[in-house]
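Here TrEMBL flags 183-409 as domain 'ATP-grasp'. The ATP binding site annotation in TrEMBL covers Lys222, Gly229, Arg230, Gly231, Glu289. TrEMBL lists Asn381, Asp395 with the feature Mg(2+) binding site. The substrate binding site annotation in TrEMBL covers Asn446, Gly503, Ile504, Met505.
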Amino acid sequence: MGYMGLSKFRPRKVPGPLSAEMRPREMRKKIEMGKVVTGFLVRLLILLRPETVFAMLVEITEREMAHCDKKDVLIVGAVGCNKRLQEMMRTMCSERDGKLFATDDRYCIDNGAMIAYAGLLGFVNRIETPIHDSTFTQRFRTDETNQTMRGLVNKLVSRSLSISGKWQQQQLRRLNIHEYQGAELMGKYGVNVPKGVAASSLEEVKKAIQEVFPNESELVVKSQILAGGRGLGTFKSGLKGGVHIVKRDQAEDIAGKMLGQVLVTKQTGPQGKVVSKVYLCEKLSLVNEMYFSIILDRKSAGPLIIACKKGGTSIEDLAEKFPDMIIKVPIDVFAGITDEDAAKVVDGLAPKAADRKDSIEQVKKLYELFRKTDCTMLEINPLAETSTNQLVAADAKLNFDDNAAFRQKEVFAMRDPTQEDPREVAAAKVDLNYIGLDGEIGCMVNGAGLAMATMDIIKLHGGTPANFLDVGGNASEHQVVEAFKILTSDDKVKAILVNIFGGIMKCDVIASGIVNAAKEVSLKVPVVVRLEGTNVEQGKRILKESGMKLITADDLDDAAEKAVKALAN
């Protein structure tokens with residue numbers, strides 16, 4: 001966003017772009033104000049208009065940061081060198097325990113294609129320079145010089161692209177696989193896992209007991225759903241617990257009570273999830289339980305290993321009860337894990353009898369699994385020490401970056417869509433960002449920030465949003481139609497609010513999508529539409545000529561108020 005109302009002022013002898021702090025006496029071109037004013041009032045006018053816009057930018061940025069769980073901000077371009085904007089952004093960042101980075105005003109001559117290409121070159125060549133040490137200036141064109149961008153910050157790239165792959169991506173869709181699939185994957189990388197087999201029917205359960213566990217006296221039967229808290233969960237049939245240790249001859253009976261039943265845990269919500277498979281495992285003789293995980297850490301901009309010599313319960317409980325026992329070892333994403341890194345982890349785990357060298361190798365293998373499969377999280381709880389002095393991943397949870405699907409075909413073939421929200425699955429197929437909520441007003445908005453603001457204003461007017469749905473900045477009619485299908489598939493939705501502020505997104509495209517959706521979907525709920533921006537008149541005309549009974553709104557506040565009233569009626 002450029003400076004508001006300042007384009008007619010041209011200060012003299014300024015090396016960079018316009019600065020709102022320039023005094024009137026430095027300006028050589030005057031503007032007729034319509035009345036006599038003092039130089040002070042002119043300066044006040046210049047300062048006040050950007051102040052309002054900057055406040056909006058700060059507010060929007062803070063909303064985005066909260067939704068993305070980020071703390072630091074980088075502002076670039078001509079507006080990025082404005083000292084007042086920097087001051088306001090810096091205050092906001094400091095309140096979030098973050099930092100503000102801004103480029104020197106001499107370097108703020110925008111050239112998007114050049115910046116993007118220079119950034120790509122820097123990332124490929126692993127060039128890392130703190131922003132405050134940057135000496136790159138766009139006076140050196142990347143197509144006219146042999147040097148790559150010296151001002152690239154790999155930390156920024158790591159915090160953005162490696163987490164979600166899109167600058168504005170809010171719904172961090174990450175592949176989550178079942179426990180038995182995680183065990184199979186870890187076994188391929190040489191990680192010690194219990195002997196186990198998954199079964200989806202009683203016939204398969206019976207066969208596994210006979211062929212895989214002929215000599216076991218006890219077995220562990222685990223329900224397989226993509227949610228935590230299985231052990232303390234309850235089946236809607238009345239059976240308590242989704243994990244049972246039973247005698248070998250009881251395994252078939254307990255598995256039969258799990259298969260096809262709905263398990264409710266603290267993470268599934270009251271609707272629960274259907275158990276379509278059970279995982280039969282050998283019962284290990286444990287002498288020690290520890291905690292181990294690898295996550296992507298924004299602060300260190302790379303993988304972070306978290307370990308604790310106590311395990312078997314949630315990391316939150318461990319952090320509260322044993323804060324001094326938790327160790328964190330950041331890993332250099334380029335150098336990879338070293339023997340020293342792995343040794344720090346093992347020393348923190350403090351196994352009682354397991355061989356130290358073997359334990360170090362297990363940690364390194366877990367990191368290789370994390371790196372080579374594009375994991376976003378690998379959690380083993382407990383990492384068990386057995387009576388045979390081995391470290392074994394007794395229970396594991398793995399998440400993977402959806403943006404790596406193109407190169408992790410084997411991993412992503414494990415996806416179980418039956419365990420996911422069908423609306424989110426449908427949205428992902430047409431590149432829509434959707435998160436289901438528990439309200440009654442369905443929302444279709446372009447832009448994550450505007451979507452968040454829309455949800456907030458609905459709440460302020462006494463309503464509850466049924467979803468977060470961002471159609472993006474360049475949605476097609478087909479995507480709009482699919483968005484309406486997703487909204488109307490939710491039985492809880494009693495009204496729909498469409499809020500579009502067209503920039504790249506064209507209002508006429510949205511309008512055509514709404515009309516086409518009405519032809520394919522029976523709209524039995526009131527629809528409130530607020531359109532503004534590019535091609536807004538064409539969009540309004542399309543809606544008017546369609547003959548649809550729509551409720552139109554002039555602004556966001558009006559739209560939210562009408563949606564809540566429509567719901568009440």
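Placed from the backbone N, Cα and C atoms, the Cβ positions cover glycine too.
Rounded to the nearest whole angstrom, the C-alpha distance between Ile504 (substrate binding site) and Asn381 (Mg(2+) binding site) is 47. Those residues of the chain, other than Asn446, Gly503, Ile504, Met505, with a C-beta within 8 angstroms of the mean position of the substrate site C-beta atoms are Gly447, Gly472, Gly473, Asn474, Ile500, Phe501, Gly502, Lys506, Gly533, Thr534. In sequence order, Thr265, Lys266, Gln267 are the residues near Gly229 (ATP binding site), counting only same-chain partners six or more apart with C-beta under 8 A. Neighbour counts were taken at the CB atom with a 10 A radius for the binding-site residues Lys222, Arg230; the maximum falls on Lys222. Using Cα positions, the member of the binding-site residues Arg230, Gly231, Glu289, Asp395 nearest to Gly503 (substrate binding site) is identified as Arg230.
Distances between the Cα of Lys222 (ATP binding site) and those of the binding-site residues Asn381, Asp395, Asn446, Met505 are shortest for Asp395.
The secondary structure of Gly229 (ATP binding site), as reduced to three states from DSSP, is coil rather than helix or strand. Within the set of binding-site residues Arg230, Asn381, Asp395, the entry lying nearest in space to Met505 (substrate binding site) is Arg230 (CA atoms).
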